[in-house]
């Protein structure tokens, strides 16, 4: 069967399919290698190399019960590093076999014989961790540990979406390739090939293409991973010396997944040919079936109902739940379009018939008739266009809205005239000393930190800031909508609107959270504010976090002054410090946001680019598969110009439908996401944004169709009628 499968391959469909498969393998390989590198990173210990066990508090584990009663747990790193119980070292010294105990501010190194399990039990009872082997090295290299978490997080946050997209594209491309060769498969059935033999040939053919694509895609993935590593290092996301794994597991997983999806898609696409009787095979596949399957219709309607439900929840909901619903809505709508595309095409063809006839004349009539007759065959083309427009018009612009929202929050929320900053932070006394300078009206110290909160059945890290509320009214405007920052004490907090909606917190509620060092606190919600994107989701009193941060120093001082006041005495008192204007501070924050958004843009760009590649691939394959149809039209008297006009009319109709559906999906998704994140009813789209998306989709559709059709028209119709599919 493998030999027959090789002979049965067609150059055009093979190239298009290989491009989609190889690109998918490359993306999966690159992303998988990043995650694998994070999981495999265990640096050799140096400082603690002599210790058999090192006890530290670097993470915290949250447990919860699912609806079925099962207990689940989630472990998060402590952003500020944890404190060890004061009596723990003494308990460890009492363990039999312990020969030495060395105490550091944040770790206890233990040496001895047969002590690992007893020390591990003591650590667990104290709520801390015991590290052995190469895990000890992570304690010595916090930057490496943070990089490890970042790489793993990339796979957790984007990996699922990328895998779904690649499965979607690969399945569509392989399925279309098999559909275009159904005459060859029917001929095999007509000469008595059994359904099992045809299926085995298809499996061999698809597996062969998957293997060849893996041979191409895996080296490309290695190169792409190296480039991504260099770019991440250049932008400070990871140390330049961070080791990347060879990606053996990632390569095997990428190749295996791609081959599996290709084989399954090919079998599904060929099921009609393998199911009919041999004597009817050639006649049955010569035309598209009059009706699409009922199962497809039912699943399409169910998916559409799910998408509508998700959109309703996204619009009416709030917080993280609304954001999750909005992103799920995007995939559900695209999947619904893929399933319902034959019916959408048929309805659009009937609706557009008068318009196409009036615009393109006889060619328009032929185009409308072809769209109606080939509504199922055009389904993959419609899906590919909707996919590229939907992704390009929603996910890409989401990052613009996040950056713009954060920058606007900072610009409107910082009332101070100046900010005082220093590379290593400022001592707690700096705020009071600066406030004593003549001409200084108010000084507010800002200390950046993070807290941990339970969300749904897990937990997450939330950006936070600690301030002195006594002077905040003259230096900060967080957009408080309920409560007051003046009520912020050591036992209360202020939270953003989105965080309050996500947690269902209200003014006066007693809520539990964990400070950056793992200390649990129960505090009262004193205020709810709007500008969470620019200032973090949680605002605490400086007294609350005193003694619970790594450095104990403030990150910046916001200073309001009278005209002509000099802050030179403050700078002179703290060497290395500097004064920047409020605009300069906000500009630096905007640059930091743009830098942080680079990784998101890279991953989003890969998804959008792959969707566009899939659309171009699909349209080229669909165009080249029409050689027999177009040759027959030329033999019955239709001129080349009329055929070109017909193709233009078809593309205009199909592109119009795809743009309407794609823009509707993108607009609904973007609106829901932006509303849940910022509260704005209308999302921001850069002036050239929609022009780029719509113009790019139009150009893509025209080039990917007109050029192949032009090539077909340059060949004699008699030659095409005698060729294979």
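First residue shown is number 1, and so on along the chain.
For all residues, glycine too, the Cβ spot is worked out from N, Cα and C.
All annotation found in TrEMBL is predicted automatically rather than curated by experts.
Through the fold, the transmembrane segment (12-35) approaches residues 151-152, 154-155, 158-159, 162-163, 166, 169-170, 173-174, 177, 180-181, 209-210, 212-214, 216-218, 220-222, 224-225, 228, 244-245, 247, 249-251, 253-255, 257-258, 262, 606, 610, 613-614, 617, 620-621, 624 of its own chain, all at least 6 residues removed from its boundaries and within a Cβ separation under 8 Å. As annotated by TrEMBL, transmembrane segment applies to 12-35 (among others).
Look at TrEMBL and you will find 158-178 (among others) tagged as transmembrane segment.
If you look up TrEMBL, you'll see 158-276 (among others) marked as domain 'ABC3 transporter permease C-terminal'.
Sequence annotations record features per position, and here TrEMBL assigns transmembrane segment to 207-228 (among others).
Only residues 6 or more beyond the boundaries of the transmembrane segment (248-270), in the same chain, are considered here, and those with a CB under 8 A from a CB of the stretch are 17, 21, 24-25, 28-29, 31-33, 35-36, 163, 166-167, 170-172, 174-179, 182, 185, 198-199, 202-203, 205-207, 209-211, 213-214, 217-218, 221. Per TrEMBL, transmembrane segment is recorded for 248-270 (among others).
Under the heading transmembrane segment, TrEMBL lists 297-315 (among others).
Annotation source TrEMBL lists transmembrane segment at 321-344 (among others).
Feature annotation from TrEMBL assigns transmembrane segment to 379-398 (among others).
When Cβ-Cβ distances below 8 Å are used as the criterion, the transmembrane segment (602-625) is approached by residues 12-13, 16, 19-20, 23-24, 27, 154, 158, 161-162, 165-166, 169, 172-173, 176-177, 180, 228, 231, 377-378, 380-381, 383-385, 387-388, 391-392, 395-396, 398-399, 647, 696-697, 700-701, 703-705, 708-709, 712, 725 of the same chain, each at least six residues removed from its ends. The transmembrane segment annotation in TrEMBL covers 602-625 (among others).
The feature domain 'ABC3 transporter permease C-terminal' is assigned by TrEMBL to 603-717 (among others).
According to TrEMBL, the transmembrane segment annotation covers 652-676 (among others). Remote same-chain residues near the transmembrane segment (652-676) are listed as 311, 314-315, 317-319, 322-323, 325-327, 329-330, 333-334, 337, 344-345, 348-349, 352, 355-356, 359, 367-368, 371, 378, 381-382, 385-394, 397-398, 401, 405, 498, 682-685, 690, 693-694, 697-698, 701 (criterion: CB distance under 8 Å, separation of at least six residues from the stretch ends).
Sequence annotations record features per position, and here TrEMBL assigns transmembrane segment to 688-709 (among others). Beyond its flanks by at least six residues, the transmembrane segment (688-709) meets 385, 388-389, 392-393, 397, 400, 612, 615-616, 619-620, 622-624, 626, 630, 643-644, 647-648, 651, 654-655, 658-659, 662-663, 666 of its own chain at Cβ-Cβ distances under 8 Å.
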Residue numbers, six or more beyond the limits of the transmembrane segment (158-178), whose CB comes under 8 Å of its CB atoms: 13, 16-17, 20-21, 24, 27-28, 31, 35, 185, 202, 206, 209, 257-258, 261-262, 264-266, 268-270, 327, 331, 334-335, 338, 380, 383-384, 387, 391, 603, 606-607, 610-611, 614, 617-618, 621-622
Secondary structure content of the domain 'ABC3 transporter permease C-terminal' (603-717), with strand meaning DSSP E or B: 96 helix, 0 strand, 19 coil
Segment confidence, the domain 'ABC3 transporter permease C-terminal' (603-717), expressed as mean pLDDT: 82
